[in-house]
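Visitor: I am attaching a structure below and will ask some questions about it afterwards.
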């Protein structure tokens, strides 16, 4: 893969990008470049590295993490959080999801290279000593959860006694998914671009206080009345939603069976989590989606319906802020997003297509092609500010290997040249912004098999270190491919 570009020396340069509708200009559009100054267990075979010193370094890095740590996304999701959670889980007793639902799609690989696509089950499930918690902030679609469990079991992954579902978590019903699709159709050209998994409608039920929680399945005598309220509300809101008494009877019968199967999983997870913390057990929180999709801090309304940033850990698990320690932000070496909404560094030219193909940027949950562009350091600094990340995991660095040059979005400017200091909440302003790019040389070599930072080409090291310099957060982990072993500990 290559992009046509001017010849480069080893020093970074600046390029000022155009507004989003033509942010990657055609060849005849001139660009101006301005010079700038430049634990308990031993490490497993799945964390294999090429030298003893590298193995020791990786083990020390992981075991130095605080008792309660978290892995959160920095961008618009799809950064590769599941892989890091899977690796770190070998050194944690508990892996917990705190928000979102089956709209999260985490792809992980076991030690034999077998692929698993998870949506509700925490990514620590492949590590047999890890307990997986689905917290109160998650919305749970039981048919999907049981399908995941059955798929794991059929592939030799034992789930019995290892998955705990909060009695306070809200249930996501099939009709929530239908309503999600009706809502998107209603919005026409201004649609959000959701996964249509019913996440928004389920959280809406929760917020207007007519939702049904997992614990309600223990009281089947009142379930029909509660379901009737939910279904009647949907029918009153959407003319395309047809509600009949027969639908209610069928749904109740289905959930009687689900309730029986789910009972061994139902737990007061707030008590479980706090008890585990008091017993000094190690807890790893797995975020779904990412900060730039946060209901408060993301590109609203083109966001998810929960809080995938640090604040969602406490509200979604019922643990105190002072219990939470190291948070690791996961950021792709470039940027992608699925669905509608602002994307300042989006590459609408052939470069974006090449990134999509090289990075296999198609959604785990929906299969939709992702929009791709350069790494946006303004958005990344904003994400780091909100979450207070102790370190970063830079993923998919290998995807950039064939590029002649690589651009970093380092600043935003208004059309009159006024600098914008932070990521704005004003969507109109976001659409009109110009992005100032710093251009660095590519390394033009395959780095996917490298496992020591010192062995990376100098240009690749320069790219990593420039990100650290401009963001102010160290990069401790560098992803070099999808496999468990494809990770550099810096």
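These residue numbers are counts, starting from 1, taken along the chain as shown.
Glycine is treated like the rest: Cβ placed from N, Cα and C.
All TrEMBL annotations are machine predictions without curation.
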Visitor: What range among 1-31, 32-62 does TrEMBL record as region 'Disordered'?
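Guide: That would be 1-31, per the region 'Disordered' entry in TrEMBL.
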Visitor: Starting from the Cα of residue 78 (active site, proton acceptor), work out which of the recorded positions (206, 289, 367) are within 10 Å.
Guide: 289
Visitor: Among all protein chains shown, how many Cβ atoms are found within 10 Å of the Cβ of residue 397 (GTP binding site), not counting that one?
Guide: 24
Visitor: Give the distance between the Cα atoms of residue 368 (IMP binding site) and residue 106 (GTP binding site), rounded to the nearest whole Å.
Guide: 15
Visitor: Going along the chain, which residues six or more apart from residue 79 (GTP binding site) have their CB under 8 A from its CB?
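Guide: Sequence-distant Cβ neighbours: 73, 290, 330, 331, 332, 393, 395.
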Visitor: Using C-alpha atoms only, work out the spacing between residue 103 (IMP binding site) and residue 366 (substrate binding site) and round it to an integer in Å.
Guide: 9
